[in-house]
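Below is one structure; the comments refer to it alone.
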Amino acid sequence: MRNVQAQPLVSPTEPMIDPFGRAVTYLRVSVTDRCDFRCTYCMAEHMTFLPKKDLLTLEELDRLCSVFIEKGVRKLRLTGGEPLVRKNIMHLIGNLSRHLKSGALDELTLTTNGSQLARFAGELADCGVRRINVSLDTLNPEKFRTITRWGDLSRVLEGIDAAQKAGIHVKINAVALKDFNDAEIPELIRWAHGRGMDVTLIETMPMGEIEFDRTDQYLPLSQVRADLASQFTLADIPYRTGGPARYVTISETGGRLGFITPMTYNFCESCNRVRLTCTGMLYMCLGQNDDADLRKALRESESDEHLSQAIDEAISRKPKGHDFIIDREHNRPSVARHMSLTGG
């Protein structure tokens, strides 16, 4: 097994700069494509997951993340699937936390559905995780079970409680879905803000084949914002978390509300991130199919220099923006791979 403490990293390099002058400082890593939910907008009910033998080992994920950190990544987010269902995931998180202690990494965080949070919240806090995103689209238990296909809302709420008690700041991510949760969004905002949690609303994205007509789910956030403005006083603020959300404050609740709008108002001009899958494929853009096989470079040499060069070559191909569209005529996704593989 590779000694992650003793293995030297590549020598310091210039920051990763893409062809459009944007520094890449944010890495999102999907540690597994598996999930204990089957959210209707994310994956098919009878999803075929990758064979476990195809996944990078935890040691390989650590090595890849460490090379990216050496090359200028300051924020690392673990995603899935559901990251906390990956076996021995806390071993990886514990090892990665050394980069927080050294000052090489500003933030180690994750996006989770919350189902396993009650179990892991204390350990996450001990590893230096200070912020997490919890995906939660409704506070109605029956609708929650419908959208997740078999999720238990009470477990998620218990997980949020545990995270907050452990001192972790929780942000709620909610996908806005037409005729499903649009009428509930004000209630969700009041509930979250009442507990000191920010909320980010997200437009559904055309990724992966699912059983539903995606055009029936799509709800533009411009419309949601207009509806909210009839109930709340919204004020734009320059607050940023390193991601694509644009934020407002709500006077009536005192909380922050973010909007992620890949369809109606893209966030490409300031994109600072790339995405690594659990099989070692690097996607330079969420909404493009171009990728780079870092697993090959990882396994070809014990030296990190070859891997560093493969990363540089990939970053040189980072596009200016994505190609997301809702194909209303053929109901085809813009990107064939599922979000659960790329990392949500």
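Even glycines carry a Cβ here, placed using N, Cα and C.
Mean pLDDT of the predicted structure over the domain 'Radical SAM core' (19-245): 94. The domain 'Radical SAM core' annotation in Swiss-Prot covers 19-245.
Annotation source Swiss-Prot lists GTP binding site at R28, R77, T111, K171, R273, V274, R275. Listed in sequence order, the residues of the same chain lying 6 or more apart from V274 (GTP binding site) and placing their CB within less than 8 Å of its CB are V24, Y26, L27, R28, L282, Y283, M284, A314, I315, K318.
The [4Fe-4S] cluster 1 binding site annotation in Swiss-Prot covers C35, C39, C42, and the record cites sequence analysis as its basis. Under DSSP, C39 ([4Fe-4S] cluster 1 binding site) is assigned to coil, being neither helix nor strand in the three-state scheme. Packing around C39 ([4Fe-4S] cluster 1 binding site) is summarised by its Cβ count: 19 other Cβ atoms lie within 10 angstroms of its Cβ, all protein chains included.
Here Swiss-Prot flags Y41, G81, S135, M205 as S-adenosyl-L-methionine binding site. Secondary structure at M205 (S-adenosyl-L-methionine binding site), taken from DSSP and collapsed to helix, strand or coil, is coil.
When secondary structure is read from DSSP and collapsed to three states, C268 ([4Fe-4S] cluster 2 binding site) falls in the helix class. All protein chains included, C268 ([4Fe-4S] cluster 2 binding site) registers 16 other Cβ atoms within 10 Å of its own Cβ. Feature annotation from Swiss-Prot assigns [4Fe-4S] cluster 2 binding site to C268, C271, C285.
When the binding-site residues S135, M205, C268, C271, C285 are screened for a Cα within 10 A of the Cα of K171 (GTP binding site), the ones that qualify are S135.
Spatial neighbours are here defined as Cα atoms within 10 angstroms of one another, and by that definition the neighbours of R273 (GTP binding site) among the binding-site residues Y41, M205, C285 are C285. The CA atom of C35 ([4Fe-4S] cluster 1 binding site) is located 5 Å away from the CA atom of G81 (S-adenosyl-L-methionine binding site).
Among the binding-site residues C39, C42, C268, C271, C285, the ones whose Cα sits within 10 Å of the Cα of M205 (S-adenosyl-L-methionine binding site) are C42, in sequence order.
Within 10 Å of S135 (S-adenosyl-L-methionine binding site), counting CA to CA, the binding-site residues C42, T111, C271, R275, C285 contribute T111. Checking each of the binding-site residues (C39, Y41, C42) against T111 (GTP binding site), the C-alpha distance stays within 10 Å for none of them. Of all the binding-site residues in the list C42, C268, C271, R275, C285, the shortest Cα-Cα distance to G81 (S-adenosyl-L-methionine binding site) is found for C42.
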